[in-house]
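Visitor: There's a structure below that I have some questions on.
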Amino acid sequence: MVGCPIVFGAIQVVLMPLMVQSPVWLVGQGHVDDAALAMKKLYKPTNYEAILNALVSSHEEEQKEVADVKPWAAMVSKKYRLQLIIAILVCASHQITGVNAIMYYSATIFNNAGITDPRVANTIINVIRLISVVVVAKIMDKFKRKTMLITGMSVMAAASGGLVLSLVNSWSALAVTSVGVYIAAWGFSIGPMAWMVAAELFPDYLHANAGSVGTMFTWVSNFFVAVFYPVLASEDSLGNYAFLIFVGILVLLITFIAVVVPETSHKTYVEIASSFGIQEKPHEDDGGHDIWATPRVSHYSAFDEPNHDDKQPDTPPAPDKLAAASTSGP
């Protein structure tokens, strides 16, 4: 059992060469020819050349705008202060809402509810997580971000309350149901969406920085949950009522998201920025089209089948620009 991570790690290393490099990163490094090959693999049989042309134009305009800007200084500036606070809280909610209290201590939780076989807990949690990953990949961009977050976290709060009842009264059936509902709701809401929403609040050149900050606060939250939950759940403390803390946290976060967090799904960055009172100048390509006017969709949409009936962009790719960009890299 201990050696399983080694086996899966070795499989990952072997399969790593088959992964497609990020076209955005390749364009940013000036490797446009490699980006074209990557996009051909990712977007076939769609018009990937038009998408690549937009990426190149976007990168060139972005470089002009941020030539003298330090990303970290911009990240903590007054201009992006509210976005940074939202990103921190949304990413922290990935863990501070109690998911790893269940992951780490599921055997203890079920034992307190009268279920002594730890395999039951592990099987339920892992099967539900697998199903939620498969399903959410298909539906992520069919619903609004805030709708999924608020709905999912509301269900998590209700399930946490149900778990408290099951522990207090040793109702094993309710314990199993509550844990299953909680994990499913997490998998359809804050689980896959925390970093996505955090990144969508910022312009493209700050995405990596936003991801770094979000990841840091996710792990900090994970640390506090892992360390303090068993203390709070001990008989000398809150005992079986410990999950009421997560109910309270979820209620506060749901209120915060409903009131403060803007909708980002299928909105351009200019539209998202305007909700914070930031007026961004549209970035136009050679055809006069706003290259930031591309709605934000999740990376999960790559699993969706392309719509072959969609009208292709009217602006043809600019081979001269692609050629020039491909020779401007390091």
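The backbone N, Cα and C atoms fix where each Cβ goes, and this holds for glycine too.
According to TrEMBL, the record shows the following:
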- 1-265: domain 'Major facilitator superfamily (MFS) profile' (DOMAIN)
- 301-330: region 'Disordered' (REGION)
- 84-107: transmembrane segment (TRANSMEM)
- 119-137: transmembrane segment (TRANSMEM)
- 149-168: transmembrane segment (TRANSMEM)
- 174-198: transmembrane segment (TRANSMEM)
- 210-229: transmembrane segment (TRANSMEM)
- 241-261: transmembrane segment (TRANSMEM)
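For each feature listed, report its degree of burial, its nearest neighbours and the pertinent distances within the displayed model.
Guide: Packing against the transmembrane segment (149-168) from elsewhere in the chain are residues 93, 97-98, 109, 112-113, 174-175, 177-179, 181-182, 185-186, 188-190, 193, 197, 240-241, 243-244, 246-247, 250-251, 253-254, 257-258, 261: each is 6 or more residues past its ends and has a CB under 8 Å from a CB in it.
Beyond the transmembrane segment (174-198), the same-chain residues lying 6 or more positions past its ends with a Cβ under 8 Å from any Cβ of the stretch are 86-87, 90-91, 93-94, 97, 99, 102, 106, 109-110, 113-115, 120-121, 124-125, 128-129, 131-133, 135-136, 140, 145, 148-149, 151-153, 155-156, 158-160, 162-163, 165-167, 210-211, 213-215, 218, 261, 264, 298-300.
With a threshold of 8 Å between CB atoms, the same-chain residues lying at least 6 positions outside the transmembrane segment (210-229) that come near it are 75, 84, 87-88, 90-96, 98, 100-101, 104-105, 194-195, 198-199, 201-202, 242.
Within the chain carrying the transmembrane segment (241-261), a Cβ under 8 angstroms from the stretch's Cβ atoms is held by residues 82, 86, 89-90, 93, 96-98, 101, 146, 149-150, 153-154, 156-157, 160-161, 163-164, 167-168, 197, 229, 232-233, all 6 or more beyond its ends.
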Visitor: Can you tell me the mean pLDDT for the domain 'Major facilitator superfamily (MFS) profile' (1-265)?
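Guide: A mean pLDDT of 87 is what the model gives the domain 'Major facilitator superfamily (MFS) profile' (1-265).
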